[in-house]
Amino acid sequence: MKKTIVLAYSGGLDTSAIIPWIKDNYNFDVVAFVADIGQSKKDLYKIKEKAIISGASDCYISDLKDIFVKKYVFPMLKTGAIYEGEYLLGTAIARPLIAKAQVDYAKKINAIGLCHGSTGKGNDQVRFELAYSALAPSLLVIAPWREWKFQSREDLLKYLKTKNIVTNVNKKKIYSRDENIFHVSTEGGILEDPWNPANEDCWFWTKSPLNAPNKPKKISLKIEKGCVVSINNKFFNEFNCLKRLNKIGAKHSIGRIDIVENRLIGMKSRGCYETPGGTIIYKALRSLEQLVFDRECMYWKNKIALQLSSIIYDGKWFTPIRKSLQKSSDILSSSISGKVVVELYKGSVRILQKKSLNSLYSKKYVTFGKDNVYNQIDAKGFIRLFSLSSRIRALKNKK
């Protein structure tokens with residue numbers, strides 16, 4: 001009986017080529033493992049058949065949609081993690097869950113190893129293999145992009161042709177696309193030159209701002225402990241909440257970014273990322289934090305968010321430091337409850353209204369009109385003490 005490898009299978013060009021390549025070079029059976037994390041249903045319907053045609057002995061589809069949003073996406077959004085000021089980590093946050101589910105399935109069927117289709121130039125190879133190391137250090141890991149002779153996706157197309165395996169990718173439209181319920185990314189093709197403008201082929205979900213509605217859209221979000229629980233007074237679970245906001249946001253061109261980012265391994269890469277629902281939630285949560293957090297809480301929350309963004313981007317999900325920082329962030333976010341009204345218009349998210357029972361904002365204290373709660377003379381003593389070190393230094397230098 002042949003030994004079995006479990007491949008994290010997407011149905012795309014790379015993983016379709018990996019199946020026959022492993023059979024040719026390792027003489028292992030390949031079981032394709034597909035994580036359903038909310039990508040297009042149209043793709044999922046065809047994916048099992050495609051895996052078998054490509055040579056897989058079996059294809060297992062694991063429904064991870066709800067757990068992905070509930071245990072990964074929403075907790076991350078609550079932290080405020082955002083990489084290099086723009087990227088909401090839509091691909092990075094999916095990798096730990098896919099790897100964990102893949103490992104669990106490999107153990108269940110007594111497979112001897114794991115395989116992924118990440119390139120030797122990218123971040124995902126690190127993310128997958130850090131998770132494998134944390135969860136199943138004894139299993140064999142195969143990373144074909146670091147072994148095979150193919151140098152490009154064009155080479156893969158030629159290889160699949162020799163195997164009589166049909167793919168819907170062609171040389172003119174050779175983008176690498178990654179999709180889940182939270183985010184879709186497009187890389188490669190014309191995007192490899194930063195001087196090339198991204199055309200509409202590079203955008204998969206969202207309408208162009210030019211074609212978005214001319215009338216702004218207002219939506220009301222209820223937030224409890226850092227999580228959106230209702231949209232326009234209709235309650236949804238986490239998955240359906242994100243799905244609904246994606247639909248609304250995509251129509252209004254929300255969540256498009258075209259960025260050059262610093263990869264973990266040292267090089268820069270360019271991608272077009274779409275995160276419509278996530279962008280709306282991110283903006284709403286940060287807006288409510290402005291009402292609720294004092295200066296010190298805001299400082300530490302932002303610092304934790306910055307650290308977590310790198311930890312998640314680098315694939316260090318299954319580490320004590322990620323768990324510790326996230327727990328700290330959860331404690332801070334326990335007071336983030338309230339209501340936010342946002343306006344969506346041709347790619348922009350504008351906060352119109354916000355309120356919270358935990359708000360530290362006091363109109364009585366900040367009014368420019370007459371008030372009876374704040375004695376402005378008190379500021380004199382505060383400033384004198386606050387400037388003490390500066391005055392001592394100045395007096396010393398004067399000597």
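Our numbering is plain: 1 for the first residue shown, then up by one each step along the chain.
Each residue, glycine too, has its Cβ placed from N, Cα and C.
Residues annotated as ATP binding site in Swiss-Prot: ALA8, TYR9, SER10, GLY11, GLY12, LEU13, ASP14, THR15, SER16, ALA35, GLY117.
Of all Cβ atoms in the protein chains displayed, 18 besides its own lie within 10 Å of the Cβ of GLU261 (L-citrulline binding site). The L-citrulline binding site annotation in Swiss-Prot covers TYR87, ASN123, ARG127, SER176, SER185, GLU261, TYR273 and is backed by sequence analysis.
Proximity of ASP124 (L-aspartate binding site) to non-local residues of its own chain (separation of 6 or more, Cβ distance below 8 Å) is seen for THR91, ARG95, HIS116, SER118, given in sequence order. DSSP assigns ASP124 (L-aspartate binding site) to a helical segment in the three-state reduction. What Swiss-Prot lists as L-aspartate binding site is THR119, ASN123, ASP124.
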In the chain carrying SER176 (L-citrulline binding site), residues 6 or more apart in sequence that have Cβ under 8 angstroms from it: GLY12, LEU13, ASP14, ARG153, THR186, GLU187, GLY188
Separation of alpha carbons, GLY117 (ATP binding site) and TYR273 (L-citrulline binding site) (Å): 20
